[in-house]
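A.B. asks: Attaching a single structure in C-alpha cells format; questions to follow.
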Amino acid sequence: MGSSKKHRGEKEAAGTTAAAGTGGTTEQPPRHREHKKHKHRSSGGGSSGGERRKRSRERGAERGSGRRGAEAEARSGAHGRERSQAEPSERRVKREKRDEGYEAAASSKASSGDASSLSIEETNKLRAKLGLKPLEVNAVKKEAGTKEEPVAADVINPMALRQREELREKLAAAKEKRLLNQKLGKIKTLGEDDPWLDDTAAWIERSRQLQKEKDLAEKRAKLLEEMDQEFGVSTLVEEEFEQRRQDLYSARDLQGLTVEHAIDSFREGETVVLTLKDKGVLQEGEDVLVNVNMVDKERADKNVELRKKKPDYLPYAEDESVDDLAQQKPRSILAKYDEELEGERPHSFRLEQGGMADGLRERELEEIRTKLRLQAQSLNTVGPRLASEYLSPEEMVTFKKTKRRVKKIRKKEKEVIMRADDLLPLGEDQTQDGDFGSRLRGRGRRRVPEVEEEALEDEEKDPVAQPPPSDDTRVENMDISDEEDGGALPSGPPELEEDEAELELQKQLEKGRRLRQLQQLQQLRDSGEKVLEIVKKLESRQRGWEEEEDPERKGTIVFNATSEFCRTLGEIPTYGLAGNREEQEELMDFERDEERSANGGSESDGEENIGWSTVNLDEEKQHQDFSASSTTILDEEPIVNRGLAAALLLCQNKGLLETTVQKVARVKAPNKSLPSAVYCIEDKMAIDDKYSRREEYRGFTQDFKEKDGYKPDVKIEYVDETGRKLTPKEAFRQLSHRFHGKGSGKMKTERRMKKLDEEALLKKMSSSDTPLGTVALLQEKQKAQKTPYIVLSGSGKSMNANTITK
C-alpha cells in the first residue's frame, strides 16, 4: 500500500523482463497516476507481471529463449526508465496496433507447451521472402476507460517534441546540402581548364569528332525525311496540323461583325476585350460586339450630361466644327430635339477582313453626307485669293472660247422651185452635184415659168412619185464648207439683213410644209389626175401669193397665240349627224377660215391630216364630194355591255323609246342640223312601231318557245349604310323601321354594334392567333421576362378571389 518510487521501478523492471521473455516486441509503458485516488492501481499490473514471469520461466527451458530473455531483461533494466520518459507516444501507437487475437493464440500455444513463436512483423518478413501476401494487422483500439476503471492518459513531454523537430530540421538541411553539392559538382570552375584548349592535337581531334557527329545527325535527319516522304507520313502530319489550324477560331472569323462603339473611342495601343451583346430570347438579329466597361462609361457620360441641364439658348456659342480625326462635324439646328425625334443615333462600325477596322469607310460615308448637305446654295462668299497669270488645268476644262459665227449670204442670181424630182434619192453620179440643202438666204423667190412647165411634164410622164425623205430638217440645216462654194461668196464684207434669224425660221417652216404636202402627194400616187391637181393647186397658190402678198411677207407664215392654241387642240371627233367633224383639209388655213365657218356642218371621214395645207375655192366642191363618198352607210352602234346607259342609247338610236326631250329639242333647237337628226329618228320610230303598236292591245297569243329552258335566278340583296350585306332578318327589320318610322332602342343597338365588332375582329383575325390576340400578348410577355416560356401559377378562381386573413 505504501509503495515508494523504488518499489514501483522494480515492478516495472520485472514487467518488462517478463514481456521480453515471451519474445514479444511490444512494450507496455508504465501507467502514471492521474489522480490521488488511483495511486494504488498498479497492484493489478504487478499480478499481470507475475503471470508473464511464470510463462517466461516455463519457456526458459530452452537455451535460445533464455538468452533472449536475459538480454531483454538487461536492456530493459538499463534503459527502461529513459524510454518510458522519452517516447511515450510511440509506445502507445505500437500498443494500439497490437493484435490481441494473435497474442491470445500465442499465449495459448505457449501454455500448451509450444516453445517457438513469431511476431506478425517477422511473419510478414518471411512471407515477403517467400513471395506471399503479407498478413494484415488489425489494429483493435481499446475502449476508453469507464468511470469505475479509468485509463491514465499519456504524458506529453514538450522538450522531447522540440528535440524531435530540431532533429528533423537538421536532417532536411543536410539532405538539401547534399543535393546541391551533387548538382554543382558537375560544373567546372574558372580555375579548371579543359585539356584540349592547350593541346593542338587534342583540339583538332575534338573538332573532327564534333564534325562527324554533326554529319551523322544530318544524315539521320535526311534519312528520316526521305522515309516520311516515301510512306507519306509528312503529308499526313501537315494535313492534320493544317486541319487543326483551320478549325481554330481565328481573326478571319471576325469579318463582318458589328462593333457597337464609335471607332474613335478605341485608343491606339490599348487592349479592349469585346463580348457578344445580350439580346432578347425572341429577338432575331446579327451578333453585336460590345465592351461592358465602355458601355458603362457611355451611360455614365450621358447621365452626367443630363444632370448638367445646360441652358438651351446659346446664341453666341461656337462649337468645335472639327473632330479628333480632322473631319468636319455636321451642324444641325435645334440639335437638342434630334435624339427625341429620330432616336439615339447608334455609333457602330464593321470589322473588315482579318478583324481589322481603320474607319476609312465610315469617314468616306460621312464625307459623302457632308457634300450632299453642302450642295444647297450657301451665302458664304469666296475668300480673297491671289490672281494667277495662267489658268489651272481645272479652269482650262471649264474654259471655252466662243466662236464667232459668220453668216453666209448667197447672191440672188438664180432661184429655183422645189420639185417632186428633187426629193428622189440621189444616184451615185448625182452625189457630187446634188443639193444638200437650201443655200439661198433671200427673202422673196421668183419662180421661173419654164421650170414649172418642166415639173408638170415630168409629173405627167411619171405620175407615181417616189417616196420622199423624212421631214427631218437636219439636212437642210447643213452648212457646206467654204471650199465647195468659194465662188458664191461675195468678195466684199457680208451684208447682214434685218431679222435674219426670224426669216430663216420662216423659211425652214415653209420647207417643212412643202415636204408634208409632197408626202400627201405620195399617198395619192394611185391617181395621176389627183397628182396633177395638187401641182396646179401649188402653182395657183404661189401665183396668188406673188400677186397679192407684200414682198416682205413672201415665203413666210404668221403665227399668233390663237392659231397655235387651235392647232395644238388636234381633232376632237363628235359622233352624230349634227356633229362638227373636220374636213379632210386642215382647218388652220387662214385663207379659208370664213368659208369653213359657213360650211362647218359638212361631213368627213375623219382622216388624220396634220400640218398646214391650202386649197382653192374652186376645188372645194370636188373635195366635198370625195369626202362624202367615203362616209360610212351605217352608224356606229354603242356597245350594250358597258352598262344601262349604253343600252338606253341603243334603244334611243333604234327608235324604241319615245322621249319628250327630243321633241322639245326639235322645236327649240337653234341649230339647223338638229331637226334633221330628230326627224330621222322619228321616222325610224314610226317604221319600227308600225307593227309593235298594232299588237300593243292584243296581248301575247303564243308562248316564247325559245325561252322554254330559261330559268331566271333572281337574288335580291340589301346592304346597310356601310356597304355590308344584310341577312333577311336584318333587311326586314330595316324595311319595317323605315315603314313605321321608328327604330330600335339603345340597348339593342349597342348589342348589335358589339356583335358586328366581334364579327369584324373575327374576320381580321390572324390565322396563327386568337381573336383577342393572346399569342401576341404571350410573345410580348416572354420578351419582357426574357424567357422562352411563361409560368402559369394557380387557377383563375384562386387568382380572382379576394383572400381574407385575420
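Cβ coordinates come from backbone N, Cα and C, glycine included.
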A.B. asks: Given the candidates SER42, SER48, SER597, specify the residue that Swiss-Prot annotates with phosphoserine.
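C.D. replies: Per Swiss-Prot, the residue annotated as phosphoserine is SER597.
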A.B. asks: Write down the residue from SER65, SER89, SER481, SER744 that Swiss-Prot flags as phosphoserine.
C.D. replies: SER481
A.B. asks: Going by what Swiss-Prot says, which of SER43, SER604 is noted as phosphoserine?
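C.D. replies: That would be SER604, per the phosphoserine annotation in Swiss-Prot.
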A.B. asks: From the list SER56, SER602, SER798, pick out the residue that Swiss-Prot labels phosphoserine.
C.D. replies: SER602
A.B. asks: In Swiss-Prot, one of 403-448, 495-540, 541-586 is tagged coiled coil. Which stretch would that be?
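C.D. replies: It is 495-540 that Swiss-Prot annotates as coiled coil.
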A.B. asks: Which one is it, among the recorded positions LYS755, THR770, LYS786, that lies nearest to LYS764 (SUMO2 cross-link) by Cα separation?
C.D. replies: THR770
A.B. asks: Between THR770 (phosphothreonine) and LYS729 (SUMO2 cross-link), what C-alpha distance do you get in Å?
C.D. replies: 29
A.B. asks: Taking the coiled coil (157-231) alone, what is its mean pLDDT?
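C.D. replies: Within the coiled coil (157-231), the model's average pLDDT equals 88.
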A.B. asks: Find the shortest Cα-Cα separation between LYS755 (SUMO2 cross-link) and the recorded positions LYS188, THR189, LYS729, LYS781, and name the residue that gives it.
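C.D. replies: Closest recorded candidate to LYS755 (SUMO2 cross-link) by Cα: LYS729.
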A.B. asks: Which one is it, among the recorded sites LYS705, LYS729, LYS781, LYS786, that lies nearest to LYS188 (SUMO2 cross-link) by Cα separation?
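C.D. replies: Its closest listed neighbour, by Cα, is LYS786.
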A.B. asks: Relative to the Cα of LYS705 (SUMO2 cross-link), which of the recorded positions THR189, LYS715, LYS729, LYS781 has the closest Cα?
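C.D. replies: Going through THR189, LYS715, LYS729, LYS781 one by one, the closest to LYS705 (SUMO2 cross-link) is LYS715.
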A.B. asks: Whole-number Å only: compute the distance from the Cα of LYS786 (SUMO2 cross-link) to the Cα of THR189 (phosphothreonine).
C.D. replies: 73
A.B. asks: About how far apart, in whole Å, are the alpha carbons (Cα) of LYS125 (SUMO2 cross-link) and THR189 (phosphothreonine)?
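C.D. replies: Here the two Cα atoms are 49 Å apart.
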A.B. asks: Rounded to an integer, what is the Cα-Cα distance in Å between THR189 (phosphothreonine) and LYS729 (SUMO2 cross-link)?
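C.D. replies: Approximately 123 Å lies between the Cα of THR189 (phosphothreonine) and that of LYS729 (SUMO2 cross-link).
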A.B. asks: In this structure, which of the modified residues THR189, THR770 has the fewest other Cβ atoms within 10 Å of its Cβ?
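C.D. replies: Relative to the other modified residues in THR189, THR770, THR189 has the fewest Cβ atoms within 10 Å.
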